[in-house]
Structure formats: C-alpha cells, structure tokens
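**Q** A single structure is presented below for examination.
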Ligand SMILES: Nc1nc2c(ncn2[C@@H]2O[C@H](COP(=O)(O)OP(=O)(O)OP(=O)(O)O)[C@@H](O)[C@H]2O)c(=O)[nH]1
Ligand SMILES: [Mg+2]
C-alpha cells in the first residue's frame with residue numbers, strides 16, 4: 001500500500017451560508033412590532049495550509065472530497081445563525097496548488113502559508129437587516145449563498161537545496177546515507193528508491209538538505225522506468241548533482257554517455273516557472289559531477305580517464321566512494337558553498353505566492369451582451385454582484401423578487417438592457433449559461449410590497465396598527481353598528497306584522 005503520495009486531486013467544497021430569517025416581532029399588545037429576523041451565518045471555507053508535521057499528501061489520496069461546515073440559518077428575535085468553522089487541511093511544505101488545467105494557483109512555502117481552496121458562502125441577511133425607512137417591514141430575507149466548489153491539484157515539490165540525479169544503482173541513496181543521518185534503502189537492484197528521500201548535511205557551520213530521487217533511465221521522459229514523475233522533487237533545488245557509476249558492469253554504459261542520457265532526460269522535463277526556486281529551468285541550474293565507487297580499482301582508473309573530458313565541459317568533478325567515504329568531505333564543502341551562494345542570490349522568500357486571476361467584469365461591475373442560441377435571442381447579464389444577488393433571492397417570494405429587481409435597476413442593469421436593445425418580454429439570463437436564472441424581462445417588475453398598496457416600503461398592516469382610533473371615531477363606529485342592528489330588527493318586525501310565515505310559492 002502506498003505510504004507516500006505526492007500528487008492528488010482535491011475536491012473542496014465550502015460550507016453554505018445560512019439563510020436569513022424573515023420574522024416579525026410579537027409581544028402582548030404589540031402583535032406586529034417590526035421585523036426581527038436574524039442573519040444567516042457564513043459557511044466555512046476549505047483552507048490548505050502548510051503544516052510541518054505533514055510530509056505526504058496521502059490523506060487526500062484516501063479522502064479526496066472535503067467539505068467545510070455550513071452556517072446555520074438566522075432566527076427570530078434578532079438571533080444570527082452560527083458561522084461554519086473553516087476546514088484547515090495540513091499539507092507538506094513545498095506543496096504547489098494547481099487548477100485542473102495546470103495553472104499554478106499558489107505555491108505554499110513556509111510554515112503557515114495558506115490558500116483558500118473553496119470559500120464558504122455568505123449568510124443571507126435577515127429581514128431586520130433589510131429594513132430601511134422606505135421598507136419598514138420586509139416580508140422576506142436573503143438566502144445564504146452556496147459554498148464554492150473547486151477541484152485543485154496538489155503537488156508536493158520537496159524543498160531541498162541539492163538534488164541527486166543518476167541511473168539506478170549509481171549510488172545516490174548510498175551518498176545520502178554517507179553524508180547525512182538519513183537511512184534510505186540501499187540495494188544492488190535498480191529502482192530500490194521508490195520515493196524521494198531527504199537528508200540534512202552539516203558541513204562545517206553550513207547546513208543544507210539533499211534530496212535523493214528514484215533513478216532515471218533512457219526514455220524516462222516517455223514513461224520508462226519510474227518516468228520523470230519524481231523530478232518534481234528536484235525542481236526547487238539550487239544545484240543538481242550527477243551521480244555517475246564508474247563500476248557498472250553493463251556493457252554499453254560509461255560515465256560520459258550516462259551523463260548525456262540523464263541530461264537529455266532532464267531537458268525533456270518542463271517544470272513550473274512561477275514557483276519558489278523554479279525561476280531557472282532545470283537544464284540551466286548549476287550542476288556538478290560525482291564519480292562514484294572509486295574504491296573499486298577499475299572504477300578509479302575509469303574516473304581518472306573521464307575526468308579531463310568532464311572538466312573540459314566546464315563541470316566540477318568529485319571522485320568519491322560512498323563505501324570507503326573517500327572524497328566525501330571536499331564534496332560536502334563544495335556543495336555548501338554553492339548552496340550558500342544560491343541563497344544569497346535568491347530573492348527574499350515571500351510567505352506565499354498567490355496568483356490572482358483577473359475577473360471577467362468591466363468597471364461598472366457587470367456586462368450585458370446580446371446572444372443567440374437555437375435561433376432565439378437572449379440577453380446575458382454577467383457580473384459578480386448581479387449573480388450573487390440572484391443566488392440570494394428566494395424566487396417563491398414576490399417581495400424578494402421585487403427587491404432583486406430594485407437592486408438590479410439601481411445598479412443600472414435595466415438601463416443597460418435598454419441600451420443593448422432589449423424590449424419587454426425578451427429573455428434575460430443572469431449568470432453563466434449553464435447555470436443561469438432566466439427571466440422574461442418586464443422593465444419594471446411589480447414587487448410584493450407594491451401589491452399591498454401604498455408606496456413601496458410602507459406596509460398598511462403595520463401602519464393601521466400604529467394609528468389608534470380616536471374617541472369620536474369609536475363613538476361613530478358604535479353608532480353605525482347600533483343603527484345596523486336596529487335596521488335588522490325593524491325588518492324582522494315588518495315581516496312578522498305582515499303575517500307572511502310560509503313560503504307564498506308553496507300553496
Ligand atoms: N563498491 C561500491 N559500491 C557502492 C558504492 N556506492 C554504492 N554502491 C552499491 O551500489 C548499489 C546501489 O546503491 P544505491 O545507493 O541503492 O543506488 P541508487 O542510485 O540509490 O539506486 P536506485 O535507488 O535504484 O536508483 C548498492 O549495492 C551499493 O552497495 C561505492 O562507493 N562503492
Ligand atoms: Mg536509491
């Protein structure tokens with residue numbers, strides 16, 4: 001079973017915002033004492049954060065769907081709904097967050113660096129918050145927005161200063177084991193190393209990390225062997241070390257051709273340029289050559305032989321034996337020097353590099369375009385505000401729909417529709433085509449509160465309640481009632497006196 005995973009697809013969904021509440025305060029002798037519906041709570045967000053305790057993305061491999069809790073709905077008596085807690089997911093240092101199309105969204109380097117993968121939805125306002133001098137008793141509340149849902153790719157790109165590359169069994173793991181306290185698996189069969197190993201090297205007062213990645217073979221860029229998959233762990237390295245095996249018994253291999261093969265494979269690898277440490281492509285990174293296994297006499301001879309050729313190519317060459325530890329000290333000090341130089345040259349690391357994508361809205365915050373589908377013309381309204389407002393609207397409530405119409409009109413959507421050539425009855429779609437709210441456009445929508453009579457914002461139910469009848473009005477009302485009673489009584493008497501007791505048609 002896999003115990004190390006360095007690439008996963010995460011399906012993150014933010015919590016939904018709670019709905020706002022529409023409620024009217026009631027009290028003895030004050031049955032309609034104003035709106036008191038509380039706001040819905042915001043939904044929690046899914047946040048990816050660097051956690052030093054985490055070294056693999058294995059958890060996400062097992063549980064790729066993550067949801068943040070939703071906010072709860074508002075309640076009467078001005079009680080707001082509770083907020084959904086953010087779901088913070090720990091990832092290893094050096095995790096790169098990408099969109100499904102491969103675009104780098106964030107490069108998480110440094111403890112605490114974080115990226116909001118799926119923001120939670122906002123809670124809807126309750127009717128208390130929607131009340132205004134013009135709309136004293138809103139009979140509606142706003143809906144909570146659904147949490148956003150995004151698929152992101154998480155890729156672990158190990159943070160190491162030095163990367164060891166080379167053929168299988170060249171002695172990369174042996175080298176890490178010889179110069180650091182790491183104890184990777186070492187054996188004389190190819191592909192002993194299946195996951196990257198990290199070792200910390202102390203050379204004098206300098207300290208740096210070395211990554212040992214699985215071996216490369218000719219054709220790795222086409223997927224041979226373990227492919228180039230693991231090169232993502234060398235992307236951030238300041239220096240590449242070619243570990244060349246001088247004691248190989250394979251007939252068609254020698255240190256020089258091995259070097260060419262590995263270089264050709266490295267050139268095929270396209271890393272991410274935007275990430276920390278990834279500014280220069282791998283092919284242009286500083287590199288040195290280690291000729292290994294010189295404890296074997298033939299290997300020492302071969303190393304002596306190829307050394308001038310390598311140096312002629314401008315490479316620094318170190319002859320070592322990880323078995324006898326010969327030549328390791330100069331190597332570690334030389335690496336320390338290169339790493340120190342690279343650290344001096346590197347710009348100060350930022351905590352996190354978040355790449356913001358531009359939003360497709362114009363200055364006014366929305367766009368109106370005339371479109372056609374299947375011979376039918378419609379007007380598409382796009383923009384953050386109109387789309388959010390639509391999501392917040394309870395379409396079963398006329399007053400809420402009226403409020404939406406008001407908001408859209410105030411933003412200038414109606415004017416823009418006129419300007420684009422829309423006429424009453426045309427189809428208007430707000431939002432992305434696959435998930436739009438479709439209206440037949442009525443230039444001024446009738447709202448619920450208008451239906452009640454009186455200017456919008458006044459409510460006859462509340463207004464009549466506030467005004468108590470005067471004594472004169474009460475007396476008048478009483479007199480009218482008494483008069484009506486007397487009239488009814490008179491009618492009965494006339495009937496009785498006329499003596500008609502049966503239905504005249506019967507006889
Ligand atoms: N004689 C000798 N043998 C060595 C030396 N370094 C490594 N070996 C042997 O070479 C074999 C392969 O070593 P590893 O360190 O596992 O090689 P690797 O490059 O990590 O190989 P993969 O993980 O398969 O890519 C082992 O049997 C080691 O004992 C050395 O300096 N001298
Ligand atoms: Mg190995």
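Glycine too: its Cβ is placed from the backbone N, Cα and C atoms.
According to TrEMBL, the protein has these features:
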BINDING   166-173, 191-195, 212-215, 292-295, 321-323  GTP binding site
BINDING   173, 193  Mg(2+) binding site
COMPBIAS  458-507  compositional bias 'Basic and acidic residues'
DOMAIN    2-159  domain 'Obg'
DOMAIN    160-340  domain 'OBG-type G'
DOMAIN    358-443  domain 'OCT'
REGION    450-507  region 'Disordered'
**Q** How big is the Cα-to-Cα gap, in Å, between residue 293 (GTP binding site) and residue 193 (Mg(2+) binding site)?
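**A** The separation of the Cα atoms works out to 18 Å.
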**Q** Which one is it: of the binding-site residues 169, 173, 192, 193, 321, which Cβ has the fewest other Cβ atoms within 10 Å in this structure?
**A** 192
**Q** Helix, strand or coil at residue 321 (GTP binding site), per DSSP?
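**A** It is in a strand.
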**Q** Taking the Cβ of residue 214 (GTP binding site) as centre, how many other Cβ atoms lie within 10 Å?
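**A** The Cβ of residue 214 (GTP binding site) has 24 Cβ neighbours within 10 Å.
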**Q** Which of these binding-site residues (172, 192, 214) have a C-beta closer than 6 Å to some atom of ligand 2?
**A** 172, 192
**Q** Hey, what's the Cβ neighbour count for residue 195 (GTP binding site) at 10 Å?
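**A** 18, counting other Cβ atoms within 10 Å of residue 195 (GTP binding site).
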**Q** Quick check for the class: what is the C-alpha distance, in angstrom and rounded, between residue 169 (GTP binding site) and residue 193 (Mg(2+) binding site)?
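**A** Each residue's Cα considered, residue 169 (GTP binding site) and residue 193 (Mg(2+) binding site) end up 9 Å apart.
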**Q** Quick check on the domain 'OCT' (358-443): DSSP residue counts for helix, strand, coil, in that order please.
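**A** Helix, strand and coil residues of the domain 'OCT' (358-443) number 33 helix, 22 strand, 31 coil.
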**Q** Which secondary structure state does DSSP assign to residue 172 (GTP binding site), in the simple three-class scheme?
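**A** SS state of residue 172 (GTP binding site) = helix.
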**Q** Give the residue from the binding-site residues 172, 293 that has the most other Cβ atoms within 10 Å of its Cβ, counting over every protein chain displayed.
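**A** The most densely surrounded of these binding-site residues is 172.
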**Q** Taking the Cβ of residue 166 (GTP binding site) as the reference point, list residues of the same chain whose Cβ is under 8 angstroms away and which are at least six residues distant in sequence.
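**A** Expected: 172, 215, 216, 242, 243, 244, 245, 258, 262.
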**Q** Roughly how many Å lie between the Cα atoms of residue 214 (GTP binding site) and residue 193 (Mg(2+) binding site), rounded to a whole value?
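**A** About 5 Å separates the two Cα atoms.
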**Q** I'd like to know which of the binding-site residues 192, 195, 321 sit within 10 A of residue 173 (Mg(2+) binding site) at the Cα level.
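**A** Of everything listed, what lies within 10 Å of residue 173 (Mg(2+) binding site) (Cα to Cα) is 192.
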**Q** Could you state the whole-number distance in Å separating the C-alpha atoms of residue 193 (Mg(2+) binding site) and residue 321 (GTP binding site)?
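**A** Counting only the Cα atoms, the answer is 19 Å.
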